[in-house]
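Right, one structure below, let's go through it.
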């Protein structure tokens with residue numbers, strides 16, 4: 001049990017820290033809403049990590065599934081419906097349906113084509129939401145009320161909302177890990193590493209990839225519905241392609257080898273953005289170069305950083321090198 | 001004579017003006033090793049591609065186990081029991097040896113749309129996979145990462161994967177390529193044991209291995225089968241000697 | 001009917017601009033296997049530089065001309081700083097690093113020029129005055145400047161075709177796209193070939209931005225929209241194919257312009273005016289992508305598959 005424990009130690013520690021945070025001085029409204037944002041984006045990032053790291057599918061349009069989940073909440077809100085038992089399943093189903101249709105087309109291609117096509121479909125969703133003039137168009141839409149559950153407004157309590165997000169995040173993470181270790185996950189992983197081999201033993205990767213794509217889309221929809229509740233405001237910016245790029249950054253920063261890394265990646269990026277934007281107006285002048293540098297110098301993400309550092313130190317020390325030889 | 005397991009009839013394939021397969025007809029019987037030899041560029045690998053289903057022939061039919069499979073894709077033929085090995089070793093490097101083989105067992109035992117139960121603990125899959133590994137003599141490295149295996153072990157692993165598919169026909173594309181003398185010895189031994197269980201279509205450059213193993217041999221030159229016969233018939237065939245074997249190959 | 005003609009001309013001219021950006025993107029990808037999201041940045045910089053230098057020098061054309069070397073220099077600097085470290089990396093890393101470049105350069109643009117769109121007047125001197133136009137059919141006057149863009153869009157592709165198909169450098173570019181190892185075995189410095197192709201693509205995109213500056217709002221995000229449409233163009237046309245990019249660019253330009261103009265009117269035949277407007281607008285913005293999906297469904301490798309496959 002120690003090996004799997006060590007494998008997941010970092011993600012577990014992050015989740016525990018998130019659980020303790022409200023009681024360690026991060027319990028005010030500002031901190032909680034920031035953490036909620038990080039956890040929700042983390043959920044979307046974990047589902048994207050499942051695609052990128054698990055199935056080898058680099059989607060540059062994952063924000064669209066979040067946006068569709070959020071806009072489903074908005075559409076129901078505009079129609080006066082805010083019951084969670086209706087709104088949340090609908091948001092998840094809408095995002096999954098979008099993933100099914102766009103995935104069916106995108107997955108016929110691979111590699112760079114796949115990146116470009118997912119990006120294009122994401123942009124399509126972006127422009128489509130901007131053209132909904134009854135839902136605010138470009139300007140966005142402010143929710144009338146947070147989603148209710150069986151008529152009670154439990155989501156209005158920030159602490160409840162915090163632990164709801166945390167619980168769902170943990171669930172997505174555990175579910176994702178189970179998925180990767182299952183029969184289904186084995187086929188996905190084999191098809192990522194060597195599609196020819198998967199075919200040779202009788203597996204056509206397409207249906208497996210499509211199902212994974214739809215599952216990730218469904219989680220994206222759930223995250224979107226939560227995000228709409230967290231900010232009580234939804235605009236097309238949520239679907240912009242830069243948001244998809246950010247999600248990918250979270251995945252790679254956490255390390256693609258572990259889907260739990262995306263949780264740490266999301267937390268790191270949300271906190272970094274927040275503190276940078278408080279320090280300066282043009283904060284992306286720092287954020288952008290940091291992104292570039294982390295891609296160039298941390299190919300294994302934050303998770304791999306200590307290992308790389310150790311290797312670098314070992315390489316630099318001639319004594320150790322002789323000893324190794 | 002028993003019904004052939006595999007039957008090619010009038011198979012032809014062109015790449016533009018280049019004819020790579022020309023009116024090839026041959027059969028593989030159950031329990032038989034049928035070898036295909038021929039000089040480089042004779043179209044052996046292209047032929048394998050068409051039989052396994054990664055390349056569509058322009059004309060002709062392929063019947064496998066009594067069924068016309070000419071229009072079936074690669075993975076469907078695999079599920080019917082047509083197992084193929086590759087000229088360049090094709091395994092999943094990130095899997096253990098056992099997992100590579102278990103994947104093949106999994107493909108033929110029940111649905112793989114199962115999402116929660118850890119597959120690594122599925123006893124039935126692992127036991128069959130272990131048996132296949134034992135058959136090729138890899139039992140002791142079952143839990144080692146496939147990428148860390150030696151070249152010869154990888155070739156053996158590929159055989160184990162093919163066996164684990166529980167196939168009727170093995171389609172082996174130069175299984176001895178790149179193997180050292182000792183590894184070659186071991187692989188020949190394994191193939192000899194497998195012959196009774198499956199039909200085998202063997203493409204191989206190593207003439208000694210071919211002559212030691214094959215029941216029948218077809219000689220392919222410029223995409224055309226110039227002769228099919230027993231080992232002795234091929235050895236003595238004048239056209240074969242000039243067209244392919246040369247004078248020193250059998251010396 | 002004349003309405004449709006105007007929209008078709010607008011679409012043609014948008015398609016031409018798309019081609020100028022997409023050609024560079026496609027070449028860079030075809031030759032270097034680099035997916036460069038930051039290519040749209042050159043387009044944006046071209047527009048900004050043309051706008052600023054046009055005011056300084058008092059001549060739009062001088063500004064547009066100067067935009068090319070500036071885009072070239074920025075492109076080379078980025079290539080040296082970032083892109084050349086990415087050639088051997090996977091596509092995921094390339095996407096992210098070039099995404100970081102976009103964030104940085106767009107933010108720098110915002111810091112230098114502000115977030116508000118710059119206005120650039122259509123150049124005078126063609127027919128005397130910014131409102132100058134040509135009567136293309138009886139009673140229909142179309143701005144001369146926009147016709148010039150279309151003209152440029154016919155000349156440049158021909159030039160490009162000549163360069164790629166009929167010159168030694170072009171032969172190397174084509175060979176480099178399919179057999180990089182062989183080309184370098186022939187003693188060609190593949191690095192230098194990369195740099196030349198990259199510089200050329202950057203310049204074309206900068207030129208397109210300069211041309212576009214009087215027509216489209218010059219704002220920090222302008223490169224992204226064009227970039228993504230260029231991906232659509234490349235996907236439809238087939239990666240690495242100049243001919244495919246040209247045809248697909250015109251197709252996308254036309255679909256976009258004509259769709260936006262016609263769909264709301266068409267829908268009014270079946271829907272009430274307000275929902276026709278909303279549905280029409282939504283459908284028009286989806287149209288290009290739906291067509292892309294349809295083409296891909298039948299031809300996953302695009303209309304003119306060729307060059308690098310994956």
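Using the three backbone atoms N, Cα and C, a Cβ is placed for every residue, glycine included.
Note that TrEMBL annotation is computational and uncurated.
Taken from TrEMBL as is:
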TRANSMEM  A:85-107  transmembrane segment
TRANSMEM  A:114-135  transmembrane segment
TRANSMEM  A:159-180  transmembrane segment
TRANSMEM  A:210-228  transmembrane segment
TRANSMEM  A:248-272  transmembrane segment
TRANSMEM  A:279-298  transmembrane segment
- prompt: What stretch, picked from A:159-180, A:210-228, A:279-298, has the most CB pairs under 8 A with the transmembrane segment (A:85-107)?
  reply: A:210-228
Field: Intrachain residues whose Cβ lies under 8 Å of the transmembrane segment (A:210-228), provided they are six or more past its termini
entry: 36-37, 40-41, 43-44, 46-48, 50-51, 54-55, 57, 59, 62-74, 87-88, 91-96, 98-100, 103-104, 106-107, 143, 147, 164-165, 168, 172, 179, 184, 188, 234, 238
- request: Count the CB pairs under 8 A between the transmembrane segment (A:279-298) and each of A:114-135, A:159-180, A:248-272, then give me the winner.
  value: A:248-272
Message: Cβ under 8 Å, sequence separation of at least 6 from the ends of the transmembrane segment (A:159-180): give me the contacting residues as numbers and ranges.
response: 8, 11, 15, 18-19, 22, 27, 32, 35-36, 39-40, 42-43, 46-47, 49-50, 54, 188-189, 212, 215, 219, 222, 226, 229-230, 259-260, 263
